[in-house]
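The structure that follows is given in the form of structure tokens.
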Amino acid sequence: TVSAKEGYLVKKSNGCKYECFKLGENEHCDTECKAPNQGGSYGYCDTFECWCEGLPESTPTWPLPNKSCGKK
């Protein structure tokens, strides 16, 4: 079996999570999760941020080191 990673999707440029407003099944999160640059298998909205499952180990998830989304 191949172990898959899961976590909050994060914007590599600033360390911010992908926001969402419709909790649970969420087309936006699912699309972002399955995007070629992310490589996930399923995404949904959890606590107003996109959670992604089935990610390759190479895909970064929140939190990113040295990038705190504008917070100190």
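Glycine residues also receive a Cβ, built from the backbone N, Cα and C atoms like all the rest.
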Determine, on the basis of Swiss-Prot, the cysteine among C20, C29, C33 paired with C52 in a disulphide.
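Swiss-Prot says the disulfide from C52 goes to C33.
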In Swiss-Prot, C45 is listed as disulfide-bonded to which of the following: C16, C20?
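According to the record, the bonded cysteine is C20.
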Which residue in the list C16, C29 does Swiss-Prot annotate as forming a disulfide bond with C50?
C29
Is it possible to list how many residues within the domain 'LCN-type CS-alpha/beta' (5-70) are helical, extended or coil according to DSSP?
8 helix, 25 strand, 33 coil
What is the pLDDT of the domain 'LCN-type CS-alpha/beta' (5-70) when averaged and given as a whole number?
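Result for the domain 'LCN-type CS-alpha/beta' (5-70): average pLDDT 96.
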